[in-house]
Amino acid sequence: MWWDERVSARFRRNLQPTLTYWSVFFSFGLCIAFLGPTLLDLRCQTQSSLSQITWVFFSQQFCLLLGSCLGGVFKRTLAQSLLALFASSLAISLVFAIIPLCHNVVLLAVVMAVAGLAMGCIDTISNMQLVKIYQKDSAIFLQALHFFVGFGALLSPLIADPFLSDTNCILANGTANASSNLPHIRKSLVPHHPGNLSHYELPMKGLVVTRVSYAFWIMALINLPVPIAVFFLLYKERMVPCFNGSSHPLLSADELALETRPGDKDELSTAGPRPHPAAGHEDLFSCCQSKNFQGVSFTYFAVHITGALVLFMTDGIVGEYSGFVYSYAVEEPLAVVHKVAGYLPSLFWGFITLGRLISIPVSYRMKPATMVFINVVGVLITFLLLLIFSSSVVFLFVGTASLGLFLSSTFPSMLAYTEDILQYQGCATTVLVTGAGIGEMVLQLLVGSIIHDRGSYSFLVCGMIFGCLAFTFYALLVFFHRMYPKPCPELDEASPEKTPEDAGQYQR
């Protein structure tokens, strides 16, 4: 096997929770990519204007960011984390089932806000729990976790495609003219961000003819096994209030180790208290409390900030590139045919998913710091070549695929790298997830306004600037890593990493 027996044994001990967290992230991916292709049918369903319906994007993204900030509140115990994941994954299935019943755009925006909150909680809690379980071996499992996001993001548009309207889905006067614009408009509404569609006229009143409801009900059924899997994990851990039977108190990691290695009881009792591997993982608001800042060096803050800034830029690039590459391609000088240009966002997400799959075995052989370096340098070089060959349609497709590959593993690699620097005692997971969410939302808005004022070429220029900033912040992170105080040798010897039998026990 391409990983050693120690990691394999740890994976087997934590098989059910690991698979559960992976499946929950599939729900996240399923929910993040369906809005783009279905938005016009939803606009018909709610009989709203394009400017009104595009606010649904903002409600989802804003509440996703808010959910990421609040997600840490529910991870104080394993029971809270699993209950939050169960509620979030079940909420996503309910959202899919309820969307066809939303005939008002405000109601649809509220429902998508609920989905955003659920997605944010899933994002924070799943990352935190995997880091808790695997610690220094978490990189490979985080890569797999984020593969499931890409897989879900690829699957939901494929499910929706057969049910999308080929012509305008509101029959009224002037329908023929509106129908001729429909393919162009739909391709502009790619995942994450709508394009500038204010100059298109579509009827708002008339007979609604759309079958997109079937797509949402299918996605609700596909997602339903995920909350069931979380419920089974809750049941196994005797955390379901009505089915816990002979309830027992939650055990710490050391107590679990004593159960599995009774012969070592005296050794553990005399070794002194071990540092809790996840003691510093808090929600964003707890991280900002002054008590957490006492006695820490400035490099502690610098590692958090520079790590978050790298993901602010790279996740922002994912959002702005997937949102505007179609608009860039159909404009001069490329003037790509609309149908052909519509493949670019799918190509981008497809190679992100492929890159995450490739990164699973690679991350076991390569350090997270090295992977992040390759990622940010690859993004920088790709944008440079896209600028040099800006008149080449072929290289636009090649560059899109390359950019997807290099961006694919940045988040899990950066998370593993930063947590390793902080010896799993800081607030890295919460801060990085929040920074990535803010970057994805802010850079989309920024690039959209710049393209509107300066033209489509500024799309690549912005990408190049963001790539340079990501590399700069990564260089600063490496600098602060070298300055960060090394762990005490005594604590390092007593850490779970030195006792493979104890390491990776499912912390309850």
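We count from 1, first residue shown onward.
Backbone N, Cα and C atoms are what each Cβ position is placed from, and that goes for glycine too.
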Checking 372-394, 395-417 against TrEMBL, the stretch recorded as transmembrane segment is 395-417
If you count CB pairs under 8 A between the transmembrane segment (457-480) and each of 21-40, 52-74, 298-318, 340-358, 395-417, the winner is 298-318
Best-packed against the transmembrane segment (395-417), counting Cβ pairs under 8 Å over 21-40, 81-99, 214-235, 429-451, is stretch 429-451
